[in-house]
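Participant: For reference, TrEMBL lists these features for the protein:
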type    : residues                                          : note
BINDING : E81, G82, T83, R113, Q127, E131, R258, Y262, Y263 : L-histidine binding site
DOMAIN  : 7-319                                             : domain 'Aminoacyl-transfer RNA synthetases class-II family profile'
Amino acid sequence: MMTNRPRGTNDILPGDVEKWQFIEKTAREVCRRFNTAEVRTPVFEHTELFARGVGETTDIVEKEMYTFQDRGERSLTLRPEGTASAVRAFVESKLYAQPQQPTKLFYIGPMFRYERPQSGRYRQFHQFGVEVLGASDPSVDAEVIALAMTFFTELGLNDITLEINSVGSPESRTNYRDVLRSHLHPVKEELCADCQSRYDRNPMRILDCKVDKCKTLTQGAPEMLDHLTDTDREHFQAVCSYLESFGINYTVNPRMVRGLDYYTQTAFEFIENGSTLSGGGRYNGLVEQLGGPEMPGIGFAVGIERALIALQNQQVELPIAKGIDVFFVALGEAAQQHSVKLLHEMRVAGIVADKDYLGKSMKAQMKAADRLSARQVVILGDDELAQGVANVKDMETGEQITVPLAELIEKVQSNM
Ligand code: HAM
């Protein structure tokens, strides 16, 4: 049926949406502590932004973008990630010219990739991402990684591995690519078709290939970390020692390359139960590549769906407020009508309140109060209404008192 939701997308329904709200709230609070401000960019951009920003030879640009022509025949693309957009906004609004640098930004929102859907991989998914632009000091790399770690810890996630590597500056890479090509040259023809094309265009990506044959053929390949320039090596060592000083455990993974082309120097991933929860790294050439001044940057993005899977794996109970303050049980026509107004007044006064709308029996209404985990029930019949009172029942203690209607809100609030 074509009116079903498209493959690879999800509805986030009540019952689940509260978990999303908790994750988003935690992200905002942690960012506030790190003095990182929110940026909201369009969900679609000119296709060229991603082609140039993410890289022409990446899977994202080659195979996964939702690209369409609008009625003005412009080629537009639903954003597959947030970094290119954040950097574009930084350049376009000249945030780089503001006196306070670096600029620390975060975003939360949907991203779109035409991938084969499976658990933890969707066509519309959501990222919480952070980008820090305008500082190249290794302490900033460590701070960005620490922000992500603090976020996971605040969510209640423990068993997470941080893997880091340096993919080097362009200078280190030019040198390393040649070394890698010569090493792989004898087995070039045995690599998968994708890797054969990567051999010429971007040989480092061969190290990241998921095909078993390629994994075997690249065993023992020279590692980037052994071919870094002195500056890149010192940068990497400094990032590692800052992490150690923060008490953040990490594993160096010399084969991590990341799937986007903009990375330079530090690259990292947070892994939970074999799945990548978050990935990021430094991208020192991107601002310039997108038309801005020569300015470094670093960031990461967490897949929110994957964070939810991790929370489930680790059986984390999220502190989500349940229940309502008041449920109105009204019996009789006059009481029913009057309860509409009382209910409204309660809500205006800040009380979380609801009622029955379907003319149900007292028993059914009390059941509804239970189902909604109401902490107090206000019972109003026509007789009570005639006397100007209502009965208020505390659902925890079972205690019931009669209260003048004029004092109802005050009484309910005093018991909240
Ligand atoms: P990425 O590694 O492509 O990096 O994605 C980051 C995270 O988004 C992944 O670790 C994963 O949790 C989630 N993710 C990616 N694709 C999907 C999908 N199809 N379904 C569900 N979750 C997915 C980036 O996007 C970079 N922009 C990160 C970054 C920011 N680097 C520097 N700054």
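Glycine is treated like the rest: Cβ placed from N, Cα and C.
TrEMBL entries are annotated by machine, without manual review.
Describe the structural context of these features.
Facilitator: Following the DSSP three-state reduction, the secondary structure of R258 (L-histidine binding site) is coil.
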Participant: Calculate the per-residue pLDDT averaged over the domain 'Aminoacyl-transfer RNA synthetases class-II family profile' (7-319) and state the result as an integer.
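Facilitator: Mean pLDDT, the domain 'Aminoacyl-transfer RNA synthetases class-II family profile' (7-319): 96.
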Participant: With every protein chain in view, how many other Cβ atoms are within 10 Å of the Cβ of R258 (L-histidine binding site)?
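Facilitator: Other Cβ atoms found within 10 Å: 20.
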Participant: Provide the number of Cβ atoms within 10 Å of the Cβ of Y263 (L-histidine binding site), excluding the reference atom itself.
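Facilitator: Excluding its own Cβ, Y263 (L-histidine binding site) sees 29 Cβ atoms within 10 Å.
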